[in-house]
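**Q** Submitted below is the structure of interest, expressed as structure tokens.
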Amino acid sequence: MAHNCLQCIKYLMFVFNLLFWLGGCGILGVGIWLAVTQGNFATLSSSFPSLSAANLLIVTGAFVMIIGFVGCIGAIKENKCLLLSFFIMLLIIFLLELTVVILFFVYTDKIDKYAQRDLKKGLHLYGTDGNIGLTNAWSIIQTDFRCCGVSNYTDWFEVYNTTRVPDSCCLEFSENCGLHSPGTWWKAPCYETVKIWLQENLLAVGIFGLCTAMVQILGLTFAMTMYCQVVKADTYCA
């Protein structure tokens, strides 16, 4: 009975980690594709230029692949060391995510102020050499969210040292339309507009976060259950 239970957990954990590993491959692939085709896409921070969507996806995908691989081998080989390593790695990631979420809610106001200040600094890199990712990101955000600047369209005046905004701020896009009068530009601040959009989609973000946590808890449960079963089997055989 104990042997059958161990075999059942073994194959369930193997399938779980195989899907985990395949998911990591997919994330890594998307990250590499973004890096190759879009440059440092969605890089908005001047303080953390490496914090781009492509780099985040590549690092996340690589970690998920490594953890999934360790889990797969540990399950199929019934290796106590690998099973425990998988459990510890997944537990550390889970605790780090939990810590980040708690700190975010505790220091929301400070994070808001720092983010706005950092984004305004980043505006000065718009359109400069080696910052195609930041330029593309701002152009897409201002066009899609129909906004201009971080807290106001006047944020761009400091960048250009004149009454001008990027063409992506225009109500109707045309070449050099950013040189026209303010009446032809979007007035909504991008930071608040994106923040409102996130709040409106908070349910979807919450469901995604909950599903991620459930998957990790399931992985931790599988790993510890199988580890205990392997220890019991080794003790019984001895």
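From the backbone N, Cα and C atoms, a Cβ is placed for every residue, glycine too.
Curation plays no part in TrEMBL annotations; they are all automatic predictions.
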**Q** In TrEMBL, Cys148 is paired in a disulfide bond with which of Cys169, Cys170?
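**A** According to the record, the bonded cysteine is Cys169.
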**Q** Going along the chain, which residues six or more apart from Cys148 (disulfide bond) have their CB under 8 A from its CB?
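**A** The list for Cys148 (disulfide bond) reads Gln142, Trp156, Val165, Cys169, Trp185, Trp186, Lys187, Ala188, Pro189, Cys190, given in order along the sequence.
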